[in-house]
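Colleague: Annotation source Swiss-Prot lists active site, nucleophile at D77. Marked as domain 'TRUD' by Swiss-Prot on the basis of sequence analysis: 152-308.
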Amino acid sequence: MLELAYLQTLPQQRALLKADYADFIVKEDLGYAMTGEGEFVALYVRKTDANTLFVGEQLAKFVGLSPRNMGYAGLKDRKAVTEQWFCLQMPGKAMPDFSRFNMAGVEILQVTRHSRKIRTGSLNGNHFEILLRNAVETDELKVRLENIKNFGFPNYFTEQRFGKDGHNLTQAMRWANGEIKVKDRKKRSFYLSAARSEVFNLVVSERIRQGLANQVLAHDILQLAGTHSWFTADGKEDLALLQTRLENHDLQLTAPLIGETQQLACELENKLVERHQSLISLMKRERMKPARRPLLMQARDFHWEFVENGLKLKFYLPAGSYATALVRELVNIDENE
């Protein structure tokens, strides 16, 4: 992440992230309520230092199911305290006694029924509560906080997307260059996601470097705020009007998530993407579905408080955006190993 541009400038302070699991709290927002009836048993679970997939597998095992009959909306940080829903497909079966389920770091907060499987990606977003230890109240940091509240932060994919020490991206590059073959479906998915995230990040970073993170250009692809609807600034609408709508947060600039048939935007974007032909060829060859992603992101309900041992943050992000991308604009991160 160090080579990527900052929307503001390089932060002056260092702070410790995840010194304790409770310093990083995530609460899932599915955007819908459980129905209270149906063939799926739904469990709302609090996890501390626990892997999402492993917890789900253990819940399935506890009731005698295959992991295929278990569902969840998204993977959560392991080094954190996280709350999320799991579901188990159990048509016609009595509700199990989960009071006998015993797993270190796992607490079942609620058990109910639901009519549909909770599928990966079926969530609105996440609520975050983060403590940045050793952060000190200064004018510089207060300005950064206000800027994030008012203007947002680069919507980068962060280290989690690329694997430990960037392993997934390294393997994607080797695959793209013909150095390895990848047959395992799970690895293919991880490597392709890392490749696409890298190209997105580099496009966003270069646009920031050129001072164009908040500037509508001809042929930009814009997203209506709060939706997944896009349109192209192709001259039918006045660029000045689109710029006003962007500044009023009615629109968002987007950058590409490269796929098989990609609609690229402005001339700048085309030039940037051309630099990464090997990765792009790989993604097209593997027939990835193209998409767009907001270039900048604004946290909802963004609040902060300086406390004795650091800076407390509370905010909400839509699914797919990373809290560590926001934190990166505030402080240089020292992560507790």
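One-based numbering along the chain as shown.
Yeah, the Cβs are placed from backbone N, Cα and C, and that goes for glycine too.
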Colleague: What residues, ordered by sequence, lie under 8 A Cβ-to-Cβ from the residue listed as 'active site, nucleophile' and sit at least six positions away in the same chain?
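Modeller: Spatial neighbours, sequence-distant, of the residue listed as 'active site, nucleophile': F24, V26, Q160.
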Colleague: Mean pLDDT across the domain 'TRUD' (152-308), rounded to an integer, is what?
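Modeller: Mean model confidence (pLDDT) across the domain 'TRUD' (152-308) is 89.
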